[in-house]
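Trainee: Mind having a look at this structure? Questions to follow.
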Amino acid sequence: MAAWKSWTALRLCATVVVLDMVVCKGFVEDLDESFKENRNDDIWLVDFYAPWCGHCKKLEPIWNEVGLEMKSIGSPVKVGKMDATSYSSIASEFGVRGYPTIKLLKGDLAYNYRGPRTKDDIIEFAHRVSGALIRPLPSQQMFEHMQKRHRVFFVYVGGESPLKEKYIDAASELIVYTYFFSASEEVVPEYVTLKEMPAVLVFKDETYFVYDEYEDGDLSSWINRERFQNYLAMDGFLLYELGDTGKLVALAVIDEKNTSVEHTRLKSIIQEVARDYRDLFHRDFQFGHMDGNDYINTLLMDELTVPTVVVLNTSNQQYFLLDRQIKNVEDMVQFINNILDGTVEAQGGDSILQRLKRIVFDAKSTIVSIFKSSPLMGCFLFGLPLGVISIMCYGIYTADTDGGYIEERYEVSKSENENQEQIEESKEQQEPSSGGSVVPTVQEPKDVLEKKKD
């Protein structure tokens with residue numbers, strides 16, 4: 001009886017899971033060639049995938065959840081997916097270069113999603129890009145609500161001006177990363193001090209910063225640099241994104257599970273420098289910490305001890321290491337100043353030698369990871385080609401040996417023919433002089449094979 005109840009419960013759970021998958025998939029449309037003509041009437045969030053792509057298969061359940069969530073909240077954005085290998089011409093038209101590629105299509109515009117492949121991040125991207133490019137903030141209450149909701153956002157304060165046109169141009173390019181708002185001077189919080197109008201501000205890290213055209217240069221470049229919080233928990237994706245800012249990244253490489261003084265101290269030092277020395281270093285440095293050294297080891301092609309501090313130049317793969325432990329904030333500030341004045345020598349880079357080293361390192365890492373994860377698969381992948389090459393080499397060697405033997409047989413046969421001709425000539429000369437006497441026959445030389453038989 002107990003077994004029957006367990007079996008019934010198991011079947012019920014399986015049925016629920018299957019139904020849930022069917023329901024989720026029902027809100028994601030499979031797109032075909034007709035999508036090109038019909039898409040302009042709606043806003044579409046599309047996953048361009050390939051059936052054989054492993055990352056695409058990992059994204060599929062998340063994508064189904066995105067479709068279900070967007071439908072449940074009544075979003076005007078439709079969610080779909082397209083096999084980019086079957087409809088390659090359409091995928092090429094939208095600029096698909098790899099798989100999976102997520103794009104939001106709004107009218108004639110196509111926006112690439114480059115963030116983490118999580119449900120919440122994808123949905124936030126869809127809401128941000130599908131809405132107005134510049135969102136108005138009509139009241140202080142709305143302003144405060146946006147401050148609580150977004151960790152980083154930009155605000156234009158003022159009326160029509162050339163600065164506003166630049167702001168709109170920057171927003172059209174960078175809306176895929178952050179939010180852009182506009183407000184009147186009366187709506188801005190009282191603690192904000194503006195020396196001149198119009199102005200562009202960024203609100204983050206529980207404070208604000210004002211754009212200065214003379215000090216900060218191009219507005220789009222400034223927004224691209226300031227769209228990150230001053231201190232971040234880093235991962236590989238964030239480091240890749242920071243490569244566009246031109247900033248150096250000061251990292252405390254720690255083990256977050258380790259609560260010893262060495263690990264917590266380095267993290268606190270970096271946080272304090274990021275907070276207290278922002279005016280000195282924020283134009284050139286981004287601060288943060290990373291849990292574990294696996295990614296950093298791959299990036300540096302070296303084994304870093306944990307905990308440690310490393311400064312990365314993600315634009316050219318250079319890095320800076322200190323030959324001693326950083327014990328306090330003063331040590332870290334001195335390290336940064338030495339990097340800025342060129343006292344500390346950069347390591348790594350993207351030279352030809354480093355690129356060759358990278359190829360060898362990546363190949364070695366791939367082989368090691370395969371053997372660690374699946375030794376049998378590694379033996380098959382690398383043993384089979386080696387076996388084929390060995391057989392080919394053996395075949396070439398034996399073919400040369402047989403050729404030599406055939407050549408030797410040819411030389412032996414040639415000499416036998418010459419001997420036979422000489423014997424026949426001697427017979428003809430002896431027959432007239434002997435007058436019919438019997439001449440003993442000369443035994444012909446034996447073939448090489450006959451000699452072997454004897």
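Even glycines carry a Cβ here, placed using N, Cα and C.
Small disclaimer: the values here were computed from a predicted structure and weren't measured.
From Swiss-Prot, here are the annotated features:
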ACT_SITE  Cys53  active site, nucleophile
ACT_SITE  Cys56  active site, nucleophile
COMPBIAS  444-454  compositional bias 'Basic and acidic residues'
CARBOHYD  Asn258  N-linked glycosylation site
CARBOHYD  Asn313  N-linked glycosylation site
REGION    412-454  region 'Disordered'
TOPO_DOM  25-375  topological domain 'Lumenal'
TRANSMEM  376-396  transmembrane segment
Trainee: Of Cys53, Cys56, Asn258, which is closest to Asn313 (N-linked glycosylation site) if I measure between C-alpha atoms? They're all recorded positions.
Mentor: Asn258
Trainee: Take the Cβ of Asn258 (N-linked glycosylation site) and count every other Cβ within 10 Å, whichever protein chain it belongs to.
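Mentor: Neighbour count, Cβ to Cβ under the 10 Å cut-off: 12.
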Trainee: Around Cys56 (active site, nucleophile), how many other CB atoms lie within 10 A of its CB?
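Mentor: Cβ-Cβ neighbours of Cys56 (active site, nucleophile) within 10 Å number 20.
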Trainee: Please report the Cα separation of Asn258 (N-linked glycosylation site) and Cys56 (active site, nucleophile) in Å, rounded to an integer.
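Mentor: Their Cα atoms are separated by 35 Å.
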Trainee: Most Cβ neighbours within 10 Å: which of the recorded positions Cys53, Asn313 is it?
Mentor: Asn313
Trainee: On the 0 to 100 scale, where does the mean pLDDT of the topological domain 'Lumenal' (25-375) fall?
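Mentor: Averaged over the topological domain 'Lumenal' (25-375), per-residue pLDDT gives 88.
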